[in-house]
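Enquirer: First the structure, then my questions, so here it is.
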Amino acid sequence: MAGVSLMLVRVVAVACVLAVGAVAQLSTTYYDGSCRSLQSIVRSGMTSAVQKEPRMGASILRLFFHDCFVNGCDASVLLDDSSTLTGEKNAAPNANSLRGYEVIDAIKSRVEAACPGTVSCADILALAARDGVNLLSGPTWAVPLGRRDARTASQAAANSNLPSPTSNAATLVSTFASKGLDSRDLVALSGAHTIGSARCASFRSRVYNDTNINAGFAARRRQICPAQGSDGNLAPLDALSSVKFDNGYFRNVVSQFGLLHSDQELFGAGGGVDSITAQYARNSGAFARDFVTAMIKMGNISPLTGSNGEVRANCRKPN
């Protein structure tokens, strides 16, 4: 237990250095003078959500990822469709899949009551993603803040920019590189699949057609996911510990227990990332440190700052 605590302290220290140095346009102290209760409000909201449903920690983390990869971390993913706006919620990678919007709504409502017109939905989502990870036994870190919210969204960009569960290693490396994230960031962020579940529709092809999969594992997942129908049936992304943020995902992948095709592409597929995956499977501390680094880098993808964008009063619609 002491070793875990020491590891988390080191992770936080690394995160703070990165946040202050590499993420110059954002600041970990951005709201210290304008909304001092922000962090405790977000933490309280996420604690309630995760206690009610542990999977929600993974869902909020995925929501943040799907936001940042589409025109930057600007909360565009939270916008509802309207007569004047086609949002990202019904894009192919998101429809019937992304969830947790109501958790962000509830937190935003409390933040608005405490600090009206001050905190962006984009920053709330970044903090909530961090807290979801930590509440499921993962690391914590100082989140750089100061993002503003987009007034519009792009369903087309959501359809084209988000990596697919059927992507091969080369495509994954290229997609992440286009966002300023390197191969180590790719593998570390893929480790988010140590928590949460996937729909049958996203792993059906893997368990019926791939050859680099443990035979017994494939058979068990076919019981959950028939060849036709039941697209919404769920299976844990990490067969070892789906509600604990650890390095079990990488141990799965090394043993050919990756649930998604894109998961298994991280080991044994000739994608040049095998050594990183193997390192994380052996060393949970290395994974935790690199995950924090990658999350901070991802959170700095094209944020709206200064006079750009706005601070939405309601995360579902522009002001």
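In case you wondered, yes, glycine gets a Cβ from its N, Cα and C as well.
Feature table excerpt (TrEMBL):
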- H66: active site, proton acceptor (ACT_SITE)
- D67, V70, G72, D74, S76, E88: Ca(2+) 1 binding site (BINDING)
- P163: substrate binding site (BINDING)
- H193: heme b binding site (BINDING)
- T194, D238, D246: Ca(2+) 2 binding site (BINDING)
- C35-C115: disulfide bond (DISULFID)
- C68-C73: disulfide bond (DISULFID)
- C121-C315: disulfide bond (DISULFID)
- C200-C225: disulfide bond (DISULFID)
- 25-319: domain 'Plant heme peroxidase family profile' (DOMAIN)
- 1-24: signal peptide (SIGNAL)
- R62: site 'Transition state stabilizer' (SITE)
Enquirer: Can you list, in sequence order, the residues of the same chain other than T194, D238, D246 whose CB lies within 8 Å of the CB centroid of the Ca(2+) 2 site?
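Expert: For the Ca(2+) 2 site the neighbour list reads G191, H193, I195, L240, S241, S242, K244, F245, N247, G248, Y249.
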Enquirer: Identify, among the disulfide-bonded residues C115, C200, C315, the residue whose Cβ has the fewest other Cβ atoms within 10 Å in this structure.
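Expert: Lowest Cβ count within 10 Å among the disulfide-bonded residues (C115, C200, C315) is C115.
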Enquirer: For the binding-site residues S76, T194, work out the Cβ neighbour count at 10 Å and name the residue with the minimum.
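Expert: Minimum Cβ neighbour count within 10 Å, taken over the binding-site residues S76, T194, occurs at S76.
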Enquirer: Could you tell me which of these binding-site residues, D67, D74, D246, has the fewest other Cβ atoms within 10 Å of its Cβ?
Expert: D246
Enquirer: Of G72, P163, the binding-site residues given in the record, which has the fewest other CB atoms within 10 A of its CB?
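Expert: It is P163 that, of the binding-site residues G72, P163, has the fewest other Cβ atoms within 10 Å.
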Enquirer: Sort the binding-site residues D67, S76, E88 by C-alpha distance from H193 (heme b binding site) and give me just the closest.
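Expert: So, spelling it out, the nearest of the binding-site residues is D67.
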Enquirer: Write down the Cα-Cα distance for C200 (disulfide bond) and D67 (Ca(2+) 1 binding site), rounded and given in Å.
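Expert: Rounded to a whole number, the Cα-Cα distance is 23 Å.
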Enquirer: Any same-chain residues 6+ apart from C121 (disulfide bond) with CB under 8 Å of its CB? Would you list them in sequence order, or say none?
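Expert: Listed in sequence order, they are A75, L78, I104, K108, D149, R312, C315.
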Enquirer: Just the number: how many Å between the Cα atoms of H66 (active site, proton acceptor) and C115 (disulfide bond)?
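Expert: Between the Cα atoms of H66 (active site, proton acceptor) and C115 (disulfide bond), the distance comes to 27 Å.
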Enquirer: List, in sequence order, those recorded positions among C73, P163, C225 whose Cα sits within 10 Å of the Cα of C35 (disulfide bond).
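Expert: Taking C73, P163, C225 one by one, none has a Cα falling within 10 Å of C35 (disulfide bond).
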Enquirer: If you count the C-beta atoms lying within 10 Å of each candidate's C-beta, which of the recorded positions C35, V70, C225 ends up with the smallest number?
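Expert: Counting other Cβ atoms within 10 Å of each of the recorded positions C35, V70, C225, the minimum falls on C35.
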Enquirer: Among all the protein chains here, how many other CB atoms are within 10 A of the CB of E88 (Ca(2+) 1 binding site)?
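Expert: Around E88 (Ca(2+) 1 binding site), other Cβ atoms within 10 Å: 27.
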Enquirer: Have a look around D238 (Ca(2+) 2 binding site) and count the other CB atoms within 10 A of its CB, chains all included.
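Expert: Total other Cβ atoms inside 10 Å, all chains included: 28.
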Enquirer: Quiz question: given the recorded positions R62, H66, H193, which has the greatest number of C-beta atoms lying within 10 angstroms of its own C-beta?
Expert: H193
